[in-house]
Amino acid sequence: MAGNLVSWACKLCRSPEGFGPISFYGDFTQCFIDGVILNLSAIFMITFGIRDLVNLCKKKHSGIKYRRNWIIVSRMALVLLEIAFVSLASLNISKEEAENFTIVSQYASTMLSLFVALALHWIEYDRSVVANTVLLFYWLFETFGNFAKLINILIRHTYEGIWYSGQTGFILTLFQVITCASILLLEALPKKPLMPHQHIHQTLTRRKPNPYDSANIFSRITFSWMSGLMKTGYEKYLVEADLYKLPRNFSSEELSQKLEKNWENELKQKSNPSLSWAICRTFGSKMLLAAFFKAIHDVLAFTQPQLLRILIKFVTDYNSERQDDHSSLQGFENNHPQKLPIVRGFLIAFAMFLVGFTQTSVLHQYFLNVFNTGMYIKSALTALIYQKSLVLSNEASGLSSTGDIVNLMSVDVQKLQDLTQWLNLIWSGPFQIIICLYSLYKLLGNSMWVGVIILVIMMPLNSFLMRIQKKLQKSQMKYKDERTRVISEILNNIKSLKLYAWEKPYREKLEEVRNNKELKNLTKLGCYMAVTSFQFNIVPFLVSCCTFAVFVYTEDRALTTDLVFPALTLFNLLSFPLMIIPMVLNSFIEASVSIGRLFTFFTNEELQPDSVQRLPKVKNIGDVAINIGDDATFLWQRKPEYKVALKNINFQAKKGNLTCIVGKVGSGKTALLSCMLGDLFRVKGFATVHGSVAYVSQVPWIMNGTVKENILFGHRYDAEFYEKTIKACALTIDLAILMDGDKTLVGEKGISLSGGQKARLSLARAVYARADTYLLDDPLAAVDEHVARHLIEHVLGPNGLLHTKTKVLATNKVSALSIADSIALLDNGEITQQGTYDEITKDADSPLWKLLNNYGKKNNGKSNEFGDSSESSVRESSIPVEGELEQLQKLNDLDFGNSDAISLRRASDATLGSIDFGDDENIAKREHREQGKVKWNIYLEYAKACNPKSVCVFILFIVISMFLSVMGNVWLKHWSEVNSRYGSNPNAARYLAIYFALGIGSALATLIQTIVLWVFCTIHASKYLHNLMTNSVLRAPMTFFETTPIGRILNRFSNDIYKVDALLGRTFSQFFVNAVKVTFTITVICATTWQFIFIIIPLSVFYIYYQQYYLRTSRELRRLDSITRSPIYSHFQETLGGLATVRGYSQQKRFSHINQCRIDNNMSAFYPSINANRWLAYRLELIGSIIILGAATLSVFRLKQGTLTAGMVGLSLSYALQITQTLNWIVRMTVEVETNIVSVERIKEYADLKSEAPLIVEGHRPPKEWPSQGDIKFNNYSTRYRPELDLVLKHINIHIKPNEKVGIVGRTGAGKSSLTLALFRMIEASEGNIVIDNIAINEIGLYDLRHKLSIIPQDSQVFEGTVRENIDPINQYTDEAIWRALELSHLKEHVLSMSNDGLDAQLTEGGGNLSVGQRQLLCLARAMLVPSKILVLDEATAAVDVETDKVVQETIRTAFKDRTILTIAHRLNTIMDSDRIIVLDNGKVAEFDSPGQLLSDNKSLFYSLCMEAGLVNEN
């Protein structure tokens, strides 16, 4: 069949050379050029050109007017000129050529295709933004075909002295080459629009459109579209504004929706859903396209050894021919009796270059597609994790801590992204091995089967090693989660840690997980990786050695150079898939673990969708807006055995009414509000809520942004109502005090605000939302009495802003009950009594009446309580009508791909500052980033962390390994040349033994090198750097935590530490290995052909230039990637902390949208970063192809001089063929080193933070019993929170005597909490000092000060762990002492009821299984244990009910009667029995005297405060 086809082709051709395709000279035959290359080019144009013409004619005009400049005119003129040349050429053909069908058909088809091209050029110029792909490829094929024709004519004229087609034909062909190349160049040039629409677009979007969208096919293949950004990065330091928009179809919103749809289909349609399959269905098409490119690349990779063999055979034959001019030429046809032409060698060399060049182009299209797929997966999964976290049930939230979910985002998603780089190698590796083995079979015959046997034997060992590594990898992820959980908890509770001086025990807890679990496991993992690496290094050598051994003893042929070096090249090609397979398997193992973790998270239980039914709002005052009935029962978790949260609930709240819920600590007040939000699991009854909801949590959730952003909360700004809200929530004075007013940054969790300010800010957010229903969880607890009265009157009362709304208030503020329309008493999760205020006051035996009678101001009625208030700042004629309040104006759906996305992202990075693209230094503290090249001292710091001696040993063994490997190949060259000389295989045993010894030595050196890397370098550095950063962060002052989002710090402990642990050592290793390999390769080539040095010097200049040109841009892009990633985690952590609030306001979509914008912002830095890598790699691999061309061409040139043997050519080119791949790896590893060393730079930045004062000052340590008296003196004391801020305490001069009980009062922001922080040196003195028992506290260490004082802080922070660990983390006290403390703090009963573990009962993250009141009591228990003479109570019982408060206050009086007590309290009645009262006003001591003395003066500030609290009256 094949013979018939050849015969038929020859008849069509009628050429003495035949159809070919390769001629005797090594070029294409004329028939092949005309009949195949040029004919196919024309058919391609006719077929696809007409298709594009039709499509463009149907397409609407793009709307962009292009200038009719010289480019289009030149194109059209040149096409017409090409038509003329083809016409002249067709007229110039001879009679013989006219009978040649291939020539005639070529001219006919070319002429037709040119007219199609002419029409397409004209139409596409106006109707397409991108240069037409069909035209580009057509002119490329035409240029190539005509150039091949030109070479064909020249070679035959040189060797045969004949002008085929005549001299005229040659000149016309030359002109055709020039014309086609010119048109190709002009078509590739970008078009210039008549209107500068891109600049307008850029102004509107604040981001430049991505040039990838408008780049032509060649620009995309060569990554030239990146050149603009590369140039910008070379000329200046890149900032976010320099980045492009993401290309089309890259938005995380679009990607996550596709993945979510497929995941939901999996859940619906399958009993065993697969997350992997959902990901494959969503993004598999891109991976298939990548697979197509990879297959082409792999085939081309194995073409090179065949070309090498042809070249060596040519060299052998040429040398043989020179030695014996009469010898016959074997392998060629008899009609070519002349000598072997040297041009054939040059053409083989050029073919090797062309294959290498094509290989590079295809490889990087493969990489582009896999990296894009990785981006898609990362964006989609990150967005889905965020969305899932918004709907997790309480039970699922308990299973997944914040640290766990952050790890899913930062580590597990990253592992899946990394997997995309390796995924195609799972088939490509075996495919390469099969091609390689087949090629070896064709080369060496049956002896290659021994190699197959070795590979099969190694498989079980490989499988065993992989199983162990998978097990260790699972453990590694578990320990990583545990460490992240501990560090997350430390950061969230850092204030308590410092107040209690618990830094040391918690640092030890963290180091226990890090050093004794995580790093120990990583050491084992490193050792197994070293064994795996040794196995895969020795396998290719064993295969080659055994194959050669079997060959020399079984085959009758000599093992000559034309067999050895192609075989050696194939063995080198075999080593890549064998080397990469363990990485692939390791990546698969890591990804499978991560997929399992993500699957578990995505299948976690969600909130019960019908827990509460949301209905349209009610219209009339008095209509039921909240209805819970049929003895409704709710659980915190779905498990039936779990403790019931609420039972037998029958509850109603009406529009326009205020319904109050009261009860003891832990009675279920918060649970009742949670069930209305839908956060609990309903097992019985029903629950309905009408209209929109606004929720104020008991612990105010404040976003890391400005005051204004916290109030607006995504709603449109309404200046008039905003002002009303500010006044009603008593924030006017606070905003006047704050430096930037409502533009002041409040810090993470509102850390720069007092408790009262946070409570009122949270309430203002609810008021401004203008919802239908308000669920308020004790917002009055953290505010002073007079502020509480203001809020009751102007917000909650009958004349307040919310008088027409449905209001449910859980409270312990008895004064609020008097204005309630309905009151419900909860006890142990059950409503025991409910009714109106009048009904309760009539029943003298009811529990509620007793509560009011004993602790509240008795009022027979409620009508006049606030009627005569003089403060009617909000109640003027400005109370808005119902309709006005309902105008809830949300932000429009903005195109966040454009300007607003950037604004949000910029704001998020600036701790959610202003929604403004510009940098405002007052609003934003952006994350610091270094600029320019990573300083050498960072590399030295890492080398020092790795242990310099170990680093030297590591590099030494790399050099030894590579030297032995090269010597093995040199020995093979020598052996094969001996065999060629003798025509047999003499002394085979001796040659094999030496070759074997060199190979084993090289593999053993690699094993030692890898063990040294992991065990003695990487682990050492990981431990050192983590310890350094941990110590520094724990010792940082509170100002650092106030101005730095926790997510940003956590990013350093998770992402940056992960890079140091897992990536940095590996990348340094591969960089050094490949750098040494390139050095040896160039040395071998230069030793073989010394002239090569004249090629390598200019190429090295280009190489270094490109690398440096690139590194400037890449470095900044990687830093921007790191910096834009931090806000994702910060926002995520912040959201998890305020889930109830986000869900309460139904803001899930908005918050998901913000998250997606932040992801897109991060991707807009990551996308150019990976493409910059491709941009450089493409250019450097082109240099690698030129090295192959240079080495091969010089070999042929020296052959002509008669100074080169086949062995030298084989050795030189076998190394040259490796250099492209090696250069590629050097580029990648240079990038990875630069990228990952930035993590060391970032860790070092946090390791060098400004520290607090020393923990211990030797020589100034106080006595053990200090303070023995409790005497406190403030001497002209002033302080501020940060150097740039105003003083918060001014010239304080007070003396508190031993055992004195002192109350501290003042309006919000007066400086009450600042006074206690000053006592603990959380803020340092700006002037003056504090003296305790005759020792100035600024002279002693912080540990000696803080652990000697006792405090119950305003923010009651609880750690994940046991009750014992929370109360006594140092294990300093006995169980009896701890139980006694719990008993005195009224928590013993609750702890016993939690589980049978007693003091080992588990508390969840943040004390989630305790109420806020119980958390405060736990802090009280801590204080009970510390035998300090000084106790500070900072609103210690603000969140407990009145009855518990009374008992606790009594306990404090008796248990601490011999101590000095400073009490800050909003309930003024709790400090009325103090010895003296400090009244603070604007940071100064306004009054300091006994309560009686201060009350006797009705003009005193204290008197007015008591008056407002209802503790005194005017009579």
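Cβ atoms are placed via backbone N, Cα and C, with glycine included.
So that you can see what the record holds, here are the features copied from Swiss-Prot:
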type	residues	note
TOPO_DOM	54-73	topological domain 'Cytoplasmic'
TRANSMEM	74-94	transmembrane segment
TRANSMEM	100-120	transmembrane segment
TOPO_DOM	121-130	topological domain 'Cytoplasmic'
TRANSMEM	131-151	transmembrane segment
TOPO_DOM	191-278	topological domain 'Cytoplasmic'
TRANSMEM	346-366	transmembrane segment
TOPO_DOM	367-422	topological domain 'Cytoplasmic'
TRANSMEM	423-443	transmembrane segment
TRANSMEM	447-467	transmembrane segment
TOPO_DOM	468-530	topological domain 'Cytoplasmic'
TRANSMEM	573-593	transmembrane segment
TOPO_DOM	594-943	topological domain 'Cytoplasmic'
BINDING	G663, K664, V665, G666, S667, G668, K669, T670	ATP 1 binding site
MOD_RES	T911	phosphothreonine
TRANSMEM	1002-1023	transmembrane segment
TOPO_DOM	1024-1066	topological domain 'Cytoplasmic'
TRANSMEM	1067-1087	transmembrane segment
TRANSMEM	1089-1109	transmembrane segment
TOPO_DOM	1110-1180	topological domain 'Cytoplasmic'
TRANSMEM	1181-1201	transmembrane segment
TRANSMEM	1206-1226	transmembrane segment
TOPO_DOM	1227-1515	topological domain 'Cytoplasmic'
DOMAIN	1272-1507	domain 'ABC transporter 2'
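Taking the features listed in Swiss-Prot, we show where each one sits on the structure.
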| residue | record | Cβ contacts under 8 Å, 6 or more apart |
| --- | --- | --- |
| G666 | ATP 1 binding site | H1390, L1410, S1411, G1413, Q1414 |
| G668 | ATP 1 binding site | A645, L646, L826, N828, G829, E830 |
| K669 | ATP 1 binding site | I661, V662, G663, D777, D778, A810, L826 |
| T670 | ATP 1 binding site | Q698, D777, A810, S1411, V1412 |
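Counting residues 6+ beyond its ends, the transmembrane segment (74-94) has Cβ neighbours under 8 Å at 103, 107, 110-111, 114-115, 117-118, 121-122, 165-166, 168-169, 172-173, 175-176, 179-180, 182-183, 186-187 in the same chain.
Cβ neighbour count for V665 (ATP 1 binding site) (all protein chains, 10 Å cutoff from its Cβ): 25. In this chain, the transmembrane segment (573-593) does not touch the transmembrane segment (1067-1087); fewer than three CB pairs sit within less than 8 A of each other, excluding pairs fewer than 6 residues apart. Contacts between the transmembrane segment (1181-1201) and the transmembrane segment (346-366): present, as 3 or more C-beta pairs lie under 8 angstroms, all at sequence separation of six or more. There are 25 other CB atoms within 10 A of the CB of G663 (ATP 1 binding site), with all protein chains counted. Using a 10 Å radius centred on the Cβ of S667 (ATP 1 binding site) and all shown protein chains, the other Cβ atoms total 23. For the transmembrane segment (447-467), the partner stretch with the most Cβ pairs below 8 Å, chosen from 131-151, 573-593, 1089-1109, 1206-1226, is 573-593.
Taking all protein chains in view, 20 other C-beta atoms sit within 10 angstroms of the C-beta of K664 (ATP 1 binding site). Helix first, then strand, then coil: DSSP counts for the topological domain 'Cytoplasmic' (468-530) stand at 59 helix, 0 strand, 4 coil. Within its own chain, the transmembrane segment (573-593) has Cβ neighbours under 8 Å at 301-302, 305, 415-416, 418-419, 421-422, 425-426, 428-430, 432-433, 436-437, 462, 466, 469-470, 473-474, 477, 529, 532-533, 535-537, 539-540, 543, 1221, counting only residues six or more beyond its boundaries.
Over the topological domain 'Cytoplasmic' (54-73), the average per-residue pLDDT in this prediction is 67.
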